[in-house]
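Asks: One structure coming up, written as structure tokens, with questions to follow.
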Amino acid sequence: MARYEQVQGTVALITLTNPPVNALSAAVRLGITETVTRALRDPEVKSMVICGENGVFCGGADIREFAKPMSGPPLVPMIAAIEEGEKPVVAAIEGAAFGGGLELALGCHYRIAHSKARVGLPEVTLGLLPAAGGTQRLPRLIGLAPALDLITTGRHVTAQEALKLGIVDQVTDQSALDLAIQFAQQVVGQPLLPRKLSTRQTPCPPDVDGLLEETMAQVKQRARGAMAPIACVQAVRAAATLPYQAGMQKEQELMATLFHSSQARAMQYCFFAQRAVGRWSLSSGAHSGNSKPRPVSKVAVIGLGTMGRGITVALVKAGMSVLAVETNKKQLEIGKQMVSAMLKHDAQKRNATPRLDLLHFTIDLLELKNTDLIIEAVFEDMALKKQVFKELSSVCKADAFLCTNTSGLDVDELAAVTKRPELVVGMHFFAPAHVMKLLEVVHGSRSSPEAVATAMHLGKRLGKVSVLVGNCAGFVGNRMLKPYLEQANFLLEEGATPELVDGALEEFGFPMGVFKMSDLSGLDVGWRIRKEAGLTGPNVDPRDPPRRRQGRRYSPLPDLVCEQGRLGQKNGRGWYLYDKPGGRVATPDPSIHKFLEEYRIKHGISPRQIDRQEVVERCLFALINEGFRSLDDGIAAGPEDIDMIYVFGYGWPRHRGGPMFYAGMVGLPRVLTRLEHYRQAHPEVPHLEPSPLLRRLVASGSPPINKWRDFLQRPHSQL
Ligand SMILES: CC(C)(COP(=O)(O)OP(=O)(O)OC[C@H]1O[C@@H](n2cnc3c(N)ncnc32)[C@H](O)[C@@H]1OP(=O)(O)O)[C@@H](O)C(=O)NCCC(=O)NCCSC(=O)CC(=O)CCCCCCCCCCCCC(=O)O
Ligand SMILES: NC(=O)C1=CN([C@@H]2O[C@H](COP(=O)(O)OP(=O)(O)OC[C@H]3O[C@@H](n4cnc5c(N)ncnc54)[C@H](O)[C@@H]3O)[C@@H](O)[C@H]2O)C=CC1
């Protein structure tokens, strides 16, 4: 797993050979240990170069091995042997040097990178820290502040930035390997001690304690309960305050606290789940391996509101030509100004030029005749969307894909009004569409594999995590959100405040609780959806009592709040008060508390003490329960799909792995028991009735998450 050659007479070339990313498996570590020993012993060899096969240096430790008992030579002494040896070693970095891969390169005496290479220590994103000396060598090489940034965020750094920071010694547009071999010959005989990072002092600013305290405070706030970022700060602190060996000891101690933690397991699960959701399959037998996407170069976006603008920006940023369509000149001009400003702002942040040349605007649908793919983002109104799809179907070329950004309407109903239902799919982006990583691709009953493949591929080009889902009201994400919101409203009726509910959910790790999220989206958005569904407004059955709709318990609280003119952040008043209209600083509002008290009196509800555990259980277990139903219905293909939707689209904390993974961590029997308990206490709430799949899994001894598919009602998902 490491190839040994002697090149240019005196250079030992060691190539890591573990495709696709040359991860440091036990076999690779053994290969490196043996080849380095051989090169050090061979008197003909004067220097060494370490590189990776297939244009990738190394993707780090083999993450799949973390779940197994350790075998093979450990990384720390392997890297120490390279650094301590008396022959210069040059790392030739092409593609990527991440995690243990960069730590290996830091143990080498020199680093040469290709201009397209990226380096980084992303262990924090796996719930770990760089425990092969990364927390001790990197600060000694580039200084305390930049090392804290890189290690606590895990961000990837381009070769150019790595050169500026001092991580690499040279960058080349030519072959990094050829340059490294040449370099390795030139440095023979030069003093090696200054190149051994473990012998250096960490460059620090005058106020080390101040920097560390400030960083720790920022990291704690960002971490939302994740342990790894905090351990990273503690480990880097050791590089600034302790001798190297003591720092290494600290690094190992901190790693030991993380390595077997549930957080690390959750984050590593997310790493593989993110990749797994890209491998979709349909019950027809079509799958990502046998269905080719069609090339798309010209895209149109219909409707330049909140979503259309973000989608346009995402497309332009990915280098695609976009024709943006609005209803009239006034709306078009507003949209144009907004999109241009967003692109300029984004380009400014990246020190780049905005690609305004890729943008075209029109109010004339006839201009769409050469477009390859159209994304409709008009109001959430079935009649309007049908009219738009009918028009698109007649003006667009016969093989153009027609996609809808609806957040929950029936994709089949839309497809049925076109002459090409097989080319219709949902592309459900999340707001803000140029920022949020999630894309739900909705497979209608007549969508072709080519249409699915094209939408999934387009999502990837936009940098999204695309998840294929089935067609039902709300698809996967919004369908599961319904019982979550419902429980939050019931908790207010029963005695909670918005702050109590949000506080519990934020403590769990969400960036914002459910009521702050509703204020951000706009309380009128949900109100319109409920009105459309006949839950509020003139279509409510007059025989329904105030707190019942369509035969089940209903809380009119969000309708009443919205009808008071409280629209959320946009007008500065919602479930909270804001510093100004459009402001983001939320403070509890005594008038909301008074309103809730009066409401309870009016409806004869005696408020009770509600604790945070009840909030978390009722909101999240209801959401998870609907996740089990989506799986059993075949709307979600697997638990990983649901988890990635929630992690990338709804702010579910990554260190808790997603709702389905979390259910497994809590224990399925406990989720079942608590749902049964709450269902008994609230018999009028059907969403609390445990799903048949959850019951079957528990009855079968609660198998691990990777076995759940074997218990689905439908052996293949409906997709
Ligand atoms: C490298 C990439 C940027 C490539 O991207 P791309 O080309 O887009 O390909 P992908 O689709 O992402 O990947 C292709 C394929 O490869 C798989 N894969 C990628 N990387 C890895 C990996 N590192 N390990 C295993 N498999 C990997 C990926 O899953 C794909 O396969 P598929 O899933 O089947 O589709 C990109 O892949 C990337 O970013 N990779 C990850 C980079 C990363 O995060 N690296 C860090 C790894 S962690 C690490 O290196 C840890 C360390 O440095 C510390 C090691 C010290 C260990 C010491 C342990 C001490 C324990 C003490 C406690 C014990 C206490 C006790 O027991 O008592
Ligand atoms: N706002 C959100 O957070 C999300 C919304 N969605 C969905 O995206 C769609 C759009 O939502 P928003 O952008 O929030 O709405 P919006 O109200 O901000 O914008 C809709 C835009 O469509 C334009 N429009 C209406 N009819 C048109 C027509 N015939 N031709 C061209 N343009 C037309 C309107 O002028 C308006 O600018 C809806 O289906 C919504 O459910 C999906 C995900 C999230």
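Backbone N, Cα and C define each Cβ position, glycine as well.
Quick paste of what TrEMBL says about this protein:
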type   : residues : note
DOMAIN : 298-471  : domain '3-hydroxyacyl-CoA dehydrogenase NAD binding'
DOMAIN : 474-578  : domain '3-hydroxyacyl-CoA dehydrogenase C-terminal'
DOMAIN : 615-702  : domain '3-hydroxyacyl-CoA dehydrogenase C-terminal'
REGION : 534-555  : region 'Disordered'
Asks: Write out how many residues of the domain '3-hydroxyacyl-CoA dehydrogenase C-terminal' (615-702) are helix, how many strand and how many coil, based on DSSP.
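Replies: Going by DSSP assignments, the domain '3-hydroxyacyl-CoA dehydrogenase C-terminal' (615-702) contains 66 helix, 1 strand, 21 coil.
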Asks: Give the residue counts of the region 'Disordered' (534-555) per reduced DSSP state, in the order helix, strand, coil.
Replies: 0 helix, 4 strand, 18 coil
Asks: Average the pLDDT scores across the domain '3-hydroxyacyl-CoA dehydrogenase C-terminal' (474-578) and report the rounded value.
Replies: 95
Asks: Based on DSSP, tally up the residues of the domain '3-hydroxyacyl-CoA dehydrogenase C-terminal' (474-578) by helix, strand and coil.
Replies: 57 helix, 8 strand, 40 coil
